[in-house]
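Engineer: Got these off TrEMBL a minute ago, pasting:
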type	residues	note
ACT_SITE	His254	active site, proton acceptor
BINDING	Tyr24, Tyr129, Arg164, His254, Arg257	glyoxylate binding site
BINDING	77-79, Ser106, Gln127, Thr155, Lys230, Ser252, 285-289, 308-309	FMN binding site
DOMAIN	1-359	domain 'FMN hydroxy acid dehydrogenase'
Amino acid sequence: MEVTNVTEYQAIAKEKLPKMIYDYYASGAEDQWTLEENRNAFSRILFRPRILIDVSKIDMTTTILGFKLSMPIMIAPTAMQKMAHPEGEYATARAASAAGTIMTLSSWATSSVEEVASTGPGIRFFQLYVYKDRNVVAQLVRRAERAGFKAIALTVDTPRLGRREADIKNRFTLPPFLTLKNFEGLDLGKMDEANDSGLASYVAGQIDRTLSWKDVKWLQTITTMPILVKGVITAEDTRLAIQAGAAGIIVSNHGARQLDYVPATIIALEEVVKAAQGRVPVFLDGGVRRGTDVFKALALGASGIFIGRPVVFSLAAEGEAGVRNVLQMLREEFELTMALSGCTSLKEITRNHIVTEWDAPRSRPAPRL
């Protein structure tokens, strides 16, 4: 079957992967309301395209934290990619580099920071979970920095793991031939079978529930890498993140895997952008499956977006070629959306190009009597 859009990879991944692994990647928390809403909310934002504009040349390039990218579409951290394909994070890193964009490596990767760095050049960020043992955290951050990673994406919405019922039913655990490579040799890379989700038990044992804003400042004392705070969905936390010295904010609900019934990230985005007041870039993570979604996020003030599940599903289906194809399809759809909306560069994408359900009705001139 010829794949013509990003979503089609999910069905292929479902056929190819063992149930436990597919369910781990695909499922959300509890009723999975937010999981569906992350997608559905995009469909309620409509375009107001402008016409008769010369769109023969379209520039999608952008600069993120000083790094020049070919497009504002980046790769989010997704854990344990070797469960999807033997090449795992290596394939994703090479695909991102070939596309001229950023890959974010998960703390819980099945390839280490050094291994990913060895795949060749590329701009890479490192997603960090803060463990109870701060020496482990400091060591890991230093390793990422030495391996040439350019920023830390600090995940702040996971003091405990959300209730993912598919993982409980499947007794999810990391397959025995894989380990969490960044923690090998520290007795922290093993995830044992448990009475519910092996990952939930692992998180309960290792992740620091005392994590607070002071730790964002502490991280700045152990690294020169800029810190993006990932998991912000309110104006209040946006202001606190900026006060704590964050270099950027990733609006994320953890792929709808943490607290169910939080808003879709595309709905939360504008509140965060307004609170940031241009002081730091704001990015969106969650639910992006089309180039039209990318445009809508930028129109609402995002500096770029991150994709997660499309990467692991395409990786499962076709390895590195699948991830390359996902990035290319999103790029082409985004370029087409820009052209049909009358935008030739990212800075031309404005709030006036879309209409949302929370906009005030546009005033019409009163008819003359």
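Cβ from N, Cα, C; glycine included.
Please treat TrEMBL annotations as automatic predictions, because they have not gone through curation.
Just tell me what is around each of these and how deep it sits.
Structural biologist: The number of other Cβ atoms within 10 Å of the Cβ belonging to His254 (active site, proton acceptor), over all protein chains shown, comes to 23.
There are 25 other CB atoms within 10 A of the CB of Tyr24 (glyoxylate binding site), with all protein chains counted.
Here Arg309 (FMN binding site) comes close to Gln10, Tyr25, Ala26, Thr78, Gly255: these same-chain residues lie at least six apart in sequence, with C-beta atoms under 8 angstroms from its C-beta.
In the predicted structure, the domain 'FMN hydroxy acid dehydrogenase' (1-359) carries a mean pLDDT of 94.
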Engineer: Nearest to His254 (active site, proton acceptor) in three-dimensional space, by Cα, is which of the binding-site residues Gln127, Asp285, Arg289?
Structural biologist: Asp285
Engineer: For Tyr129 (glyoxylate binding site), what is the tally of other C-beta atoms lying within 10 angstroms of its C-beta?
Structural biologist: 21
Engineer: Looking only at Tyr24, Tyr129, Arg164, His254, Arg257, the residues listed as binding glyoxylate, what is the longest Cα to Cα distance in Å?
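Structural biologist: The widest Cα-Cα gap among those binding residues is 19 Å.
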Engineer: In whole Å, how far is Pro77 (FMN binding site) from Tyr129 (glyoxylate binding site) when you measure between their Cα atoms?
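Structural biologist: About 11 Å separate the Cα atoms of these two residues.
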Engineer: Among Lys230, Arg257, the binding-site residues in question, whose Cβ has the most other Cβ atoms within 10 Å in this structure?
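Structural biologist: When each Cβ's neighbours within 10 Å are tallied, Lys230 tops the list.
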